[in-house]
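**Q** Take this structure first; my questions come after.
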Amino acid sequence: MGRAGGGSGDGGEEPAALEAVRSFERWKKKYSRRTRRLRLQRKERERPEWQVEREGIGRLVQRYPQINANEIQRFSDFPLSKKTLKGLQEAQYRMVTEIQRQTIGLALQGKDVLGAAKTGSGKTLAFIVPALELLYRLQWTSADGLGVLIISPTRELAFQTFKVLRKVGKNHDFSAGLIIGGKDLKEESERIHHINMLICTPGRLLQHMDETSYFYASDLQMLILDEADRILDMGFADTMNAIIENLPKKRQTLLFSATQTKSVKDLARLSLKDPEYVWVHEKAKFSTPATLDQNYIVCELQHKINVLYSFLRSHLKKKSIVFFASCKEVQYLFRVFCKLQPGLPVLALHGKQQQMKRMEVYTCFVRKKAAVLFATDIAARGLDFPAVNWVIQFDCPEDANTYIHRVGRTARYKEGGEALLVLLPSEEKGMVEQLAQRKVPVNEIKINPEKITDIQKRMQAFLAQDQELKEKAQRCFVSYLRSVYLMKNKEVFDVFKLPLAEYALSLGLAMAPRVRFLQKVQKQLSVKETSERNPLKDTEQNKNTISSLNKEGMEECRINPSGKLSVNRSKEEENRKETEQYPPSSEGTEESGSECESKEASEEEEKEGALSSRVPYTNSMQFFEDDDDDDDTKDLDLLTVKRRDVFDLESKDSPALNASNSKMKKKTTKTQEAKKILKKKFKVNTRIVFTEDGELVQQWPPVQKSGLAKADEEDDASGINLDKVREILREEDKFDKEEYRKKIKEKHREKRLKEKAARREARNKNARAEGETVAVLAHSGSEDEFDPSTLPDPDKYKDSDEEQDTESEDSYRELEEKSGRKRRSHGGSIAAGEMPQKRKKAKFSQEEDPFLPLDTGLSLAEDEELVLHLLKSHS
């Protein structure tokens with residue numbers, strides 16, 4: 001029994017020992033794992049930070065090929081760095097849009113991307129995130145220079161992109177810069193070489209490439225074009241070509257826009273390598289956001305301003321943007337609507353403003369809850385104005401792409417919005433067809449004419465009160481016609497179908513201003529029609545014009561090879577026909593009248609016209625030579641035609657033509673022009689002042705009397721001969737001194753006559769007083785007291801002497817000799833009463849007897865009365 005019990009005890013001890021061994025082994029494994037982990041953590045802490053970052057970058061790069069765009073819903077689903085994800089979360093960017101889902105993965109893999117999506121779909125983040133990740137992968141620093149270049153077409157869009165970049169990339173160590181026009185160039189050039197991510201406009205970037213010596217882009221890694229179709233078109237063609245030449249060929253390129261370009265020529269300029277085309281909404285039913293309600297109205301040109309005012313009065317709590325065709329329209333209508341006070345804030349944004357003013361207007365409109373912004377197409381692309389309710393296109397857009405970008409300022413990122421397009425009857429058919437081809441749903445709506453407010457009379461009153469506002473209205477009129485004429489699609493835009501007189505009245509003008517380029521266009525069209533009707537007559541005219549080419553010049557023939565040249569007419573006939581077709585304004589009639597005053601002036605104008613006709617403009621451009629008051633189309637010289645005589649054929653064929661050209665190129669100086677005017681005996685800028693009696697008081701400029709001046713007027717030599725001018729001035733100075741001397745003598749003569757009259761009156765008064773003298777022997781009461789006011793005023797004659805001293809010393813001596821006054825001292829004081837002598841006396845010498853009786857000029861009774869008064873006062 002004992003053994004059995006002992007055996008059972010031994011069997012119980014063995015499992016307990018095994019359990020203890022197992023627990024020890026488990027503890028040992030746990031301890032070893034813990035020590036291994038601590039050892040690894042210690043090693044990681046000992047490793048430099050850059051090495052840890054590089055390993056993390058390596059893990060991110062390994063995940064790039066595994067990106068599946070269909071599975072991504074958030075930014076955290078992309079293999080992005082912690083710094084980028086933190087910036088996105090802090091800026092409240094969590095969910096991705098369709099364009100971001102499909103382009104970020106391709107850009108992270110280093111491919112060239114052409115992305116197109118609807119307006120307000122988040123294209124800015126689609127290129128900012130890959131740009132940040134690229135520089136983070138390369139561990140870029142400020143010492144490495146420029147790594148990413150973002151080019152925007154407008155300053156406002158560049159500023160908006162810069163703000164988004166600052167939000168998302170604030171946790172990174174890169175430096176970002178904004179380079180746009182309107183800022184201090186010197187300050188920008190001092191900082192530009194430290195910038196890693198540069199956001200700019202094309203013009204200012206090219207200026208820095210030309211003028212900033214230490215700015216270079218040889219290490220550029222990524223080029224991004226925002227609104228690429230606008231940057232690559234004709235407006236920026238030369239600038240972009242120059243910029244691309246300075247960029248390295250080996251780089252990544254991203255192009256984004258709402259209306260993307262597929263031109264092979266444009267893409268070849270950018271040196272794209274196997275680009276990925278991402279058209280997110282290519283298969284969508286409409287090319288505009290589904291939340292956008294789009295309508296159009298048909299309105300006559302003269303009623304458009306009334307419709308706009310009535311619309312704003314009925315939408316006082318809405319935020320609206322009104323697009324115009326030109327800057328002059330925005331400037332004028334902004335001023336007028338500020339005076340009309342529609343009931344909500346009115347702002348203006350156009351290209352003629354200073355940069356700080358543009359930024360102020362942009363930020364002000366962003367903050368306003370209810371306002372209206374008058375803008376040109378600089379606000380049509382990319383700008384993200386929050387909570388815009390209405391987009392009104394006051395002037396018809398150039399094409400469907402411009403329409404899409406304009407209406408894209410509302411209905412941003414799943415928000416609602418409304419768009420209204422104002423069309424003329426001549427524009428309706430062609431524009432609606434274009435929009436239908438681009439899958440833009442537009443519905444026509446009607447206006448209730450009873451709710452339209454007529455503001456034409458109020459505008460006329462404003463123009464009558466303000467001359468500057470009237471000039472702005474005239475510029476607005478001409479600028480609108482020019483913008484319509486320059487449109488490419490002539491099926492939609494026909495300037496000759498516009499009611500010009502009615503449109504001028506709607507702007508507040510009494511009559512339509514003179515539009516010179518339109519008159520010239522109409523003349524050319526009439527000549528063309530007559531030549532098509534009578535081809536035989538046209539050939540005869542061509543022969544006549546060819547025979548007179550030595551006088552007229554050959555450049556116009558090269559521009560118009562069809563031979564349809566205008567018929568030569570005299571200046572008077574042209575002006576007469578122009579006035580019959582278009583009644584000019586008062587200013588125009590004055591100009592035409594002054595042009596035809598003399599035969600010589602008309603000949604000079606014909607010469608100038610011949611010179612201007614040799615300038616190689618195209619037909620559409622040469623009509624703007626006379627209109628220099630509006631510079632909306634100052635960059636149109638891109639379309640000039642340049643021809644060179646390589647083999648010197650023209651000089652051999654027409655030596656007489658070359659001789660005439662050399663004569664015509666001789667420039668007349670301003671001095672010669674002024675002398676020509678003087679020869680015609682025009683009195684320029686003369687001002688003559690007459691008295692009430694008709695006598696000449698003053699003439700300006702004064703007439704030169706010397707013979708040298710008259711001889712110089714007849715001299716045709718250019719420039720100024722200083723020696724001759726000095727001689728003329730000396731001669732003229734003699735005449736001036738003589739004239740001045742005569743004036744002084746006349747002034748002194750008048751003064752002497754006045755003094756004689758005063759002395760004569762004093763003598764007569766003394767003579768009358770002698771017959772009524774009464775002697776006062778004693779002081780008797782207040783009634784018989786001496787009145788000092790009866791004495792003559794001594795200061796009267798003293799002041800006259802002081803005035804004589806100030807006039808001139810010579811005249812003072814002359815008056816002293818003739819007046820002969822006596823000055824005596826009595827009791828150490830100067831006598832208070834000085835009176836002019838009754839007769840002329842000789843000069844007193846200094847050795848004269850001081851005890852001679854003093855002649856005060858008073859009667860005997862007055863002298864006695866004065867003595868008694870003085871004695872009483874001493875006692």
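Glycine too: its Cβ is placed from the backbone N, Cα and C atoms.
The structure displayed is predicted, hence computed values, not measured ones.
From Swiss-Prot, for reference:
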MOTIF     73-101  motif 'Q motif'
BINDING   Tyr93, Arg94, Met95, Gln100, Ala117, Lys118, Thr119, Gly120, Ser121, Gly122, Lys123, Thr124  ATP binding site
DOMAIN    104-278  domain 'Helicase ATP-binding'
MOTIF     226-229  motif 'DEAD box'
DOMAIN    291-453  domain 'Helicase C-terminal'
REGION    528-633  region 'Disordered'
COMPBIAS  529-541  compositional bias 'Basic and acidic residues'
COMPBIAS  569-580  compositional bias 'Basic and acidic residues'
COMPBIAS  624-633  compositional bias 'Acidic residues'
REGION    653-672  region 'Disordered'
COILED    736-773  coiled coil
REGION    743-856  region 'Disordered'
COMPBIAS  752-771  compositional bias 'Basic and acidic residues'
COMPBIAS  800-809  compositional bias 'Acidic residues'
COMPBIAS  810-819  compositional bias 'Basic and acidic residues'
**Q** Which has the fewest other CB atoms in a 10 Å radius around its CB: Thr119, Ser121, the listed binding-site residues?
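**A** Comparing Cβ neighbours within 10 Å for the binding-site residues Thr119, Ser121, Ser121 has the fewest.
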**Q** Excluding near sequence neighbours, so keeping only residues 6 or more apart in the same chain, what lies with its CB under 8 A of Met95 (ATP binding site)?
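**A** Same-chain residues close to Met95 (ATP binding site) (Cβ under 8 Å, separated by 6 or more) are Gln73, Arg74, Phe75.
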**Q** Please average pLDDT over the domain 'Helicase ATP-binding' (104-278) for the predicted structure.
**A** 89
**Q** Would you give the longest CA-CA distance, in whole angstrom, between residues of Tyr93, Arg94, Met95, Gln100, Ala117, Lys118, Thr119, Gly120, Ser121, Gly122, Lys123, Thr124, the set recorded as binding ATP?
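**A** Maximum Cα-Cα distance: 20 Å.
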**Q** Using a 10 angstroms cut-off on Cβ to Cβ distances, just flag whichever of Tyr93, Ala117, Lys123 is the loneliest among these binding-site residues.
**A** Tyr93
**Q** According to DSSP, does Met95 (ATP binding site) sit in a helix, a strand, or coil?
**A** strand
**Q** Do you know the DSSP helix, strand and coil residue counts for the compositional bias 'Basic and acidic residues' (752-771)?
**A** 19 helix, 0 strand, 1 coil
